[in-house]
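Visitor: Feature table excerpt (Swiss-Prot):
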type     : residues     : note
DISULFID : Cys34-Cys58  : disulfide bond
DISULFID : Cys37-Cys87  : disulfide bond
DISULFID : Cys55-Cys108 : disulfide bond
DISULFID : Cys59-Cys110 : disulfide bond
DISULFID : Cys86-Cys113 : disulfide bond
CARBOHYD : Asn79        : N-linked glycosylation site
CARBOHYD : Asn104       : N-linked glycosylation site
SIGNAL   : 1-23         : signal peptide
Amino acid sequence: MFWTRYAGASILLFLMLIHLGQVYPRNDMTNFGCEECKLKENNIFSKPGAPVYQCMGCCFSRAYPTPLRSKKTMLVPKNITSEATCCVAKEVKRVLVNDVKLVNHTDCHCSTCYYHKS
């Protein structure tokens, strides 16, 4: 009797996993919840007829174990190395909104993350 319940529960769990696999899309889920790098209107500084845009979105990033030969050359050895690109402005135009000088982004791309540099 015990084995019948165990087999029934196992089959039920297996069928649920198959169903979940078919329900979810088979696309790349690494950027789940994060849109691609593109221009978006800044609601704080934009005025009717004078929109201000900024670059927003996600780009590439990854982390991996630091190779031993690289670790030996570090002043402060770290076990994890990370690489990243950020959504930055490719082209900008300076604008004046309410006597405040702003930089209006006109084009975006994924490039070096400036705040990661030391």
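The backbone N, Cα and C atoms fix where each Cβ goes, glycine too.
What's the neighbourhood like for these features in this structure?
Guide: Within 10 Å of the C-beta of Cys58 (disulfide bond) we count 17 further C-beta atoms, all protein chains included.
Note: Cys87 (disulfide bond) has non-local neighbours Cys37, Lys38, Cys55, Met56, Gly57, Cys58, Cys59, Cys108, His109, Cys110, i.e. same-chain residues 6+ apart with C-beta under 8 A of its own C-beta.
According to DSSP, Cys108 (disulfide bond) sits within a strand segment.
In sequence order, Ala84, Thr85, Cys86 make up the list of same-chain residues 6 or more apart from Cys113 (disulfide bond) whose Cβ falls under 8 Å from its Cβ. Look at Cys113 (disulfide bond): DSSP puts it in coil.
Cβ-based neighbour count (10 Å, all protein chains) for Asn79 (N-linked glycosylation site) stands at 7.
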Visitor: I need the least crowded one of these disulfide-bonded residues (Cys34, Cys37, Cys55, Cys110), counting other C-beta atoms within 10 angstroms of each C-beta.
Guide: Cys34
Visitor: Using a 10 Å radius around each Cβ and counting other Cβ atoms from all shown chains, which of the disulfide-bonded residues Cys59, Cys86, Cys108 yields the largest count?
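Guide: Answer by Cβ density within 10 Å: Cys108.
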Visitor: Report, in whole Å, the straight Cα-to-Cα distance of Cys34 (disulfide bond) from Asn79 (N-linked glycosylation site).
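Guide: It is 27 Å, counting Cα to Cα.
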Visitor: Long-range same-chain neighbours of Asn104 (N-linked glycosylation site), Cβ under 8 Å, sequence gap at least 6?
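Guide: Set apart from Asn104 (N-linked glycosylation site) by at least 6 residues yet with Cβ under 8 Å, we have Val52, Tyr53, Val92, Lys93, Arg94, Val95.
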